[in-house]
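Engineer: Supplied in structure tokens, the structure appears directly below.
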Amino acid sequence: MDLEAESNEGPNSAADARSEVRRPGRRFKTPIACVPCRMTKTRCVSIGDLDSCEACLRKSRACVRPGPAKPRTNPSQKIRELEGKIASLSQALSARQHQDQPGEPTLLATPTQSVSSGRSRDASIPSIRPTWQIFQESQSRHSSAQVDLDVVDQGLLDMPTAEVLFNHWNDSMRPILPIVLLSEDNLRECRRGKPMLFLAILSVASGSILPSFQSPLVKELKRQLARQILEQGRRSMDLIQACLLYSQYYTHDPESPHALPTQFVSAAITMLCDLDMVEQIAPGPSSRTNESREAARAYLACWYAASSNAILFRQQTLMPPSAKLEACISVLSTADSVRTSDALLCSLARLQLVLDNVSNTFDPGDKQAVVGEFDSPTVQYQLRRFQERLTSWKESESSFIDDRLKRCSAEFANICVHHVALKCYMQRLLAGSRSEDYHASVDVLSSGHLKALFCCWDSSQALLDAYTSLDVRLARSLPNHYLMWTLSAAVALIKLTPFREAMRAGTATTTMHSEEASALPSLDAMLSKISEIVQDGYLPQAKTWGMALAKLRFWYLHKKQVCITAHGRCDSHSDGPVYSAFGDRSEQSPTEIDVTSHLRPVSQPLSDPRQSMNTPVVVGIGAFGVNSTPSSTSATQQRHAVDATGTAPVEAAYNPLTYAATDWDDLVLDADSLREFDSLMMDESDFWMKSLM
């Protein structure tokens with residue numbers, strides 16, 4: 001068959017003659033049929049030397065012979081032609097996708113190789129585990145044909161706008177939390193080399209200066225992260241840095257019931273372990289390379305984010321501190337020229353290590369702790385050690401761009417160190433609350449316990465004062481954990497209100513702690529500050545914490561005003577004492593109440609719970625819901641209203657006689673939410689942050 005096939009190829013008569021000599025019995029090859037016979041599907045029979053065939057001669061038609069037969073193409077030649085077309089199309093597609101990125105590698109098709117050559121190639125590769133750089137390059141090479149168009153190519157924003165956002169992040173936001181350091185400050189280089197980090201930078205920076213761009217940018221960032229990490233299984237330094245950066249400026253999606261950024265930190269840690277980047281971190285001559293420093297910076301950032309989430313949300317940490325942590329700090333702090341951003345990152349890691357040790361030592365999530373254990377020698381020794389470490393950090397740290405930011409960090413750390421005193425006090429307070437004197441347990445506290453509680457109160461107040469003193473532009477550039485710190489400080493102030501009431505009742509008015517024992521002024525100041533920050537749509541993520549503070553304030557005011565007696569009555573004819581859950585002082589003057597133009601009057605109880613509940617006063621509807629701003633506080637100025645909505649009369653919420661019949665639909669909190677707050681705040685639950693969020 002092969003010889004016969006070869007004899008039919010081409011019009012070469014010499015080849016046909018040689019074939020006839022080799023095979024003399026072969027039938028004579030008939031010529032090709034003419035065109036008319038082909039069209040009529042008639043047998044074409046040649047007649048001697050005539051130019052016409054029998055059929056054409058019989059039908060008196062022109063006999064047209066076809067042209068010479070086309071030479072047959074070798075299959076290998078066809079494959080090469082197809083591969084060339086595929087390569088040219090791939091190059092054209094890559095050039096179209098990356099027209100602003102002239103140096104990016106494209107996917108080139110390679111000719112098909114034989115099985116033997118493939119086996120010999122595989123045998124030449126040494127059987128060793130590839131480094132994270134090789135793994136990253138291979139993933140980018142195999143998936144470059146499926147890379148999405150960036151936001152500039154998609155038309156979500158133009159290059160001048162992207163440059164404004166990039167410069168704002170690089171100049172104003174990165175020095176505050178330098179978890180990412182670019183090897184170059186050029187926008188085009190960042191866009192070409194790390195497209196996902198570039199998209200994350202634009203997303204987090206837009207909320208501070210151009211909030212109208214944030215929603216589409218965040219949606220695109222989440223879509224690409226989900227596709228590349230979950231669908232394609234990609235792992236790269238670019239994806240790690242993008243997840244870490246966005247987790248620190250996480251924006252809650254109103255359509256999602258969850259508002260925690262922990263999943264992005266978990267994804268970054270998983271990719272960090274899969275790439276085995278920890279093996280690249282080793283103090284010594286090898287640590288001078290940029291790859292080693294970048295790996296150390298990524299490890300520190302992952303640990304810092306995981307530890308912060310574990311402390312704030314009271315959950316198990318995903319990255320316990322290890323020897324690699326000190327190795328990373330050594331790599332970044334012992335370089336020939338230590339960058340200011342690296343020095344600040346190492347300082348933040350050292351402070352976070354103190355907080356991590358405090359959390360593991362005192363275990364604030366343990367509800368089975370023995371009441372009164374605060375005065376034990378072990379706790380006192382550990383408390384002094386943590387105070388010394390915190391004092392040493394304060395004296396050595398000088399990398400913050402603003403002293404108020406350093407103060408916020410130090411005061412939050414001080415709250416965490418002395419949280420064990422607050423916990424033991426709440427346990428003692430709730431255990432002895434059966435007596436008619438709600439604050440009798442203060443008399444049995446030791447001097448060390450009293451000092452720790454005062455320190456916790458002062459630090460909480462100082463943290464809120466430092467945050468409210470920030471200018472709006474700086475506050476809009478801060479990561480989310482600053483807002484979490486203020487929420488923790490507000491909760492600490494509320495829990496310490498009974499202690500402050502008891503100390504104020506037995507202390508002369510000339511002492512340092514003789515001012516009004518109330519958390520309401522600080523809560524109002526924070527709500528006013530956040531209302532100013534989120535005005536005109538800036539920093540949308542801050543509104544989540546504003547709503548949490550508004551709920552906290554509403555619950556605190558309710559517990560402050562509600563009457564608690566043996567018979568559940570608030571009138572003057574009830575038997576037994578009448579007091580509130582958080583002290584007996586009034587939170588507002590019934591004769592002085594601020595009224596803004598967008599507010600409408602509703603009813604609110606008077607300061608004295610024995611007075612009539614029917615006297616109308618004015619309640620403000622601020623940016624985050626129901627509020628009543630007392631004239632004696634620092635928040636007497638008008639609040640900027642973002643969502644001014646009407647609410648139902650709230651006097652029923654404060655009156656125990658009508659508590660069960662209250663319509664809660666139009667209030668900030670419903671009955672179930674108030675009961676949940678009672679469980680979280682009064683039972684010393686450590687998971688209040690997740691519930692507020």
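For all residues, glycine too, the Cβ spot is worked out from N, Cα and C.
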Engineer: Looking at 1-24, 625-648, which stretch does TrEMBL describe as region 'Disordered'?
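Structural biologist: Going through 1-24, 625-648 one by one, TrEMBL gives region 'Disordered' for 1-24.
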Engineer: With TrEMBL as the source, identify the stretch among 91-124, 363-396 annotated region 'Disordered'.
Structural biologist: 91-124
Engineer: Let's see if you can do this one: DSSP helix, strand and coil counts over the domain 'Zn(2)-C6 fungal-type' (33-63), in that order.
Structural biologist: 11 helix, 2 strand, 18 coil
Engineer: Suppose you look only at the domain 'Zn(2)-C6 fungal-type' (33-63); what would the mean pLDDT be?
Structural biologist: 89
